[in-house]
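Colleague: Sharing the record's features from Swiss-Prot:
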- Cys26, Cys28, Cys52, Cys55: Zn(2+) 2 binding site (BINDING)
- 223-248: compositional bias 'Acidic residues' (COMPBIAS)
- Met1: N-acetylmethionine (MOD_RES)
- 185-256: region 'Disordered' (REGION)
- 113-142: topological domain 'Extracellular' (TOPO_DOM)
- 305-336: topological domain 'Extracellular' (TOPO_DOM)
- 398-421: topological domain 'Extracellular' (TOPO_DOM)
- 502-519: topological domain 'Extracellular' (TOPO_DOM)
- 654-678: topological domain 'Extracellular' (TOPO_DOM)
- 743-764: topological domain 'Extracellular' (TOPO_DOM)
- 837-848: topological domain 'Extracellular' (TOPO_DOM)
- 92-112: transmembrane segment (TRANSMEM)
- 143-163: transmembrane segment (TRANSMEM)
- 284-304: transmembrane segment (TRANSMEM)
- 337-357: transmembrane segment (TRANSMEM)
- 377-397: transmembrane segment (TRANSMEM)
- 422-442: transmembrane segment (TRANSMEM)
- 481-501: transmembrane segment (TRANSMEM)
- 520-540: transmembrane segment (TRANSMEM)
- 679-699: transmembrane segment (TRANSMEM)
- 722-742: transmembrane segment (TRANSMEM)
- 765-785: transmembrane segment (TRANSMEM)
- 849-869: transmembrane segment (TRANSMEM)
- 1-62: zinc finger (ZN_FING)
Amino acid sequence: MDTAEEDICRVCRSEGTPEKPLYHPCVCTGSIKFIHQECLVQWLKHSRKEYCELCKHRFAFTPIYSPDMPSRLPIQDIFAGLVTSIGTAIRYWFHYTLVAFAWLGVVPLTACRIYKCLFTGSVSSLLTLPLDMLSTENLLADCLQGCFVVTCTLCAFISLVWLREQIVHGGAPIWLEHAAPPFNAAGHHQNEAPAGGNGAENVAADQPANPPAENAVVGENPDAQDDQAEEEEEDNEEEDDAGVEDAADANNGAQDDMNWNALEWDRAAEELTWERMLGLDGSLVFLEHVFWVVSLNTLFILVFAFCPYHIGHFSLVGLGFEEHVQASHFEGLITTIVGYILLAITLIICHGLATLVKFHRSRRLLGVCYIVVKVSLLVVVEIGVFPLICGWWLDICSLEMFDATLKDRELSFQSAPGTTMFLHWLVGMVYVFYFASFILLLREVLRPGVLWFLRNLNDPDFNPVQEMIHLPIYRHLRRFILSVIVFGSIVLLMLWLPIRIIKSVLPNFLPYNVMLYSDAPVSELSLELLLLQVVLPALLEQRTHEAVAEGLVRAWTVTAGYLLDLHSYLLGDQEENENSANQQVNNNQHARNNNAIPVVGEGLHAAHQAILQQGGPVGFQPYRRPLNFPLRIFLLIVFMCITLLIASLICLTLPVFAGRWLMSFWTGTAKIHELYTAACGLYVCWLTIRAVTVMVAWMPQGRRVVFQKVKEWSLMIMKTLIVAVLLAGVVPLLLGLLFELVIVAPLRVPLDQTPLFYPWQDWALGVLHAKIIAAITLMGPQWWLKTVIEQVYANGIRNIDLHYIVRKLAAPVISVLLLSLCVPYVIASGVVPLLGVTAEMQNLVHRRIYPFLLMVVVLMAILSFQVRQFKRLYEHIKNDKYLVGQRLVNYERKSGKQGSSPPPPQSSQE
């Protein structure tokens, strides 16, 4: 039935003509077999693909050249094309050099020089600033310091924009945006004010209906609602007179917002891309952006660094605390923080004065500035000061564990204050992170509402920045003090007290050996690489840790609940859990009635305060209160403390003891860093616990199933051991030895000395190199090694294919490495002596043949790359001068040469 009249184009549905013939360029058949070349080119432009989307066959075009094209391009054409390409490359090189010089040289250098000029504190520095800009002294150091300054200013700018969005979307505090009072001049205000004023009060009024222990919000005490109600009442009494003017200002601001042309902003955002802003598109518009970035840096340095620093400096000098601040080694940071504190106090005082004299615009501006300073200080306290306190407290409580004293810590701080503070801050951050993770784990196990006094980080309504904006300072100060007490008490319970018990019961167990140098015959570098590349990935990549921890917590909770008759309080009752869905629906309906959408007069504040002051957690489950409930809660806390103490004792002793015992078979009586012993012991303990849990899970299935499982796992372990010996033993050893012969030995060992090879160190370095090569291979293009590695990863350990790994991965890699090691050795030791050269020449060849052959291979790769590039240039010159068109190639099923023609350049299809 295939006739010429029935063959139509799959795109335009037209028949072929002598001017526009039909082609069948892919595997597709039927009504979509044929297509016009023009239709296909248009579709390829639209889809931006070079293959058929149905059969995945790549379309092929054959070039059509001018009839007068010579068989070989003339030299002058090649030379002209080469000159043109070189000129284009030079132009791009100059442009990108200018871009790099502007962004990596001018911007950071200008920021650094202006920063130094402002903080020098002399008029002469301002006068000599233009000359200092052109100075080449300390150029690299100033550029690096300037990059840090620019990063800080950009972060400050982004933070300000983000804080503005938080205020716009979350609403400003009630003392900054309060409701307009009712008055008779406008009837709509009489309706708006009571509704807006009751928006947050209804929430607080309905809260006592719930259990008091369940009503506190994240991180707040039960009296939080009373405090907030008092604040709202005081603010309303203080600022009632200014409500009408503020409402008018708000309406004017809303009208201004409506006057913005959103289309113009969208068009500007579309035009300004990263390439255009940075100058990577070839234009010089980026010079304007460089000017604005320099101006922004100067403005932010002046406003956010210079002014607060000098305010704090003058205040400290006036109060006589200058010497104490200088002794802290952080004079600039402390002085700037003091300046911000004084600036916040000044702003809130000026805000109060502006409220009294009814300067409404000034009052709002001062209030917004105070919010910015307040949030900045709270962020510094939450992210900087609190982890630092936790880190130092952890160090102080663990001094006896490392046989250290406060004098040692003082000396280390005096020698390197910045490094010491950073390490303590890092330790504190890790401690806070794992504590928060443990709290999240507890929330998954315990009944909703048990941890009412702690923040719920999983709550979708939880927004710490909004709390920083709305809650007063004394609430944050109270929360900070309580957090310090709680975290400090936990450190005492789980670190200081177990150390005292260990020193009393096992006096020879402590201190831990944490010396940087040891007399062990094993290389520290090898142990570190083994720890980082083998042990830690095996421990951290396991997904069962969270499930095991959750199971332990649940088992402890069930045990404590039945012992103290608190099962209903901790986990809830089963029959009540069945009705939890209805209870949650009722709670949500109750919250929906209370959290009514506020009217315009209240703004966004009432809605946000309804979130901050909402009642108990969503999905609250009632519980049964047994007799002597407070006493049982006290016993529960005591039982929890004892459990944490025992768990801490086990974690501090068992892994280290097991690691020391295992490492003693390897190193003898030599002392090893406790990091390695603890990691080794922890790894062994994890393997033991994992094996025991697996066996316990298999026991209920019967003896035959257990034997079958043991047989399967034994076979899998044998296969894994064989693969580990090949891929984690032989390959890293050969790779490390090759690296030693090619790089290390020629650079470190003179010709008149004999190099010594340590297989253990070579293997450890080979493990590192093998992981790097595997990572680069997986990130690179598709080739046989990447395909094999991806297949091995996809199979996993349980579906390990020993034959496939040995045949496709281990054998080729080991063969290449052995050839790389043996061929140069055979040439140097077997072929060169036959040439009759001297012994010195033989030694030179033997020592330098490995790097020489590496250079030969690299040179051949470079030459091959240059040949390919020249061929591409040749084709490009020929196409530019003589190419007149392209013809679509039909798919030939029998010949199979449908892809023989090279694909056309993209420019020819446009």
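Including glycine, each Cβ sits where the backbone N, Cα and C put it.
Here the structure is a predicted model, which means the values were calculated and not measured.
Looking at the shown structure, can you explain where the listed features end up?
Modeller: All protein chains shown were included, and the count of other CB atoms within 10 Å of the CB of Cys26 (Zn(2+) 2 binding site) stands at 23.
Secondary structure of the topological domain 'Extracellular' (113-142), assigned with DSSP and counted as helix (H, G, I), strand (E, B) and coil, comes to 22 helix, 0 strand, 8 coil.
Distant neighbours of the topological domain 'Extracellular' (305-336): 115, 118-119, 342-343, 413-414, 417-418, 421; these residues of the same chain sit at least 6 beyond its ends, with a Cβ under 8 Å from one of its Cβ atoms.
Proximity of distant same-chain residues to the topological domain 'Extracellular' (398-421), defined by a Cβ-Cβ separation under 8 Å and at least 6 residues beyond the stretch ends, is recorded for 329-330, 388, 495-496, 499-500, 503, 510-512, 514, 652.
Across the topological domain 'Extracellular' (654-678), the model assigns an average pLDDT of 83.
Assigned with DSSP, the residues of the topological domain 'Extracellular' (837-848) fall into helix, strand and coil as follows: 10 helix, 0 strand, 2 coil.
If you look at the transmembrane segment (92-112), the same-chain residues 6 or more away from its ends with a CB under 8 A from one of its CBs are 133, 139, 142-147, 149-150, 153, 278-280, 282, 286-287, 290, 293-294, 297-298, 301.
When Cβ-Cβ distances below 8 Å are used as the criterion, the transmembrane segment (143-163) is approached by residues 104-105, 107-113, 115, 293, 296-297, 300-301, 304, 371-372, 375-376, 465 of the same chain, each at least six residues removed from its ends.
Residues of the same chain lying 6 or more positions beyond the ends of the transmembrane segment (377-397) and with a Cβ under 8 Å from any Cβ of it are 337, 340-341, 344, 406, 409, 421, 423-429, 431-432, 464, 468, 476, 480, 483-484, 487-488, 491-492, 495-496, 499.
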Colleague: Report, as numbers and ranges, which residues of the same chain sit near the transmembrane segment (722-742): CB under 8 Å and 6 or more residues beyond its ends.
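Modeller: Counting only partners 6 or more residues beyond its ends, the transmembrane segment (722-742) has Cβ contacts under 8 Å with 534, 755, 757, 759, 761-767, 769-770, 773, 800, 802, 805-806, 809-810, 813-814, 817-818, 820-821, 850-851, 854.
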Colleague: Ranking the binding-site residues Cys28, Cys55 by other Cβ atoms within 10 Å, which is at the bottom?
Modeller: Cys55
Colleague: In the same chain, which residue numbers or ranges, 6 or more beyond the ends of the topological domain 'Extracellular' (837-848), come under 8 angstroms Cβ to Cβ?
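Modeller: Those are 745-746, 749, 751, 828-829, in sequence order.
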Colleague: Report, as numbers and ranges, which residues of the same chain sit near the topological domain 'Extracellular' (113-142): CB under 8 Å and 6 or more residues beyond its ends.
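Modeller: Long-range Cβ neighbours of the topological domain 'Extracellular' (113-142): 149, 297-298, 301-302, 305-306, 309.
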Colleague: Can you list the residues of the same chain, besides Cys26, Cys28, Cys52, Cys55, whose Cβ falls within 8 Å of the Zn(2+) 2 site's Cβ centroid?
Modeller: Pro25, Val27, Ile32, Leu54, Lys56, His57, Tyr891
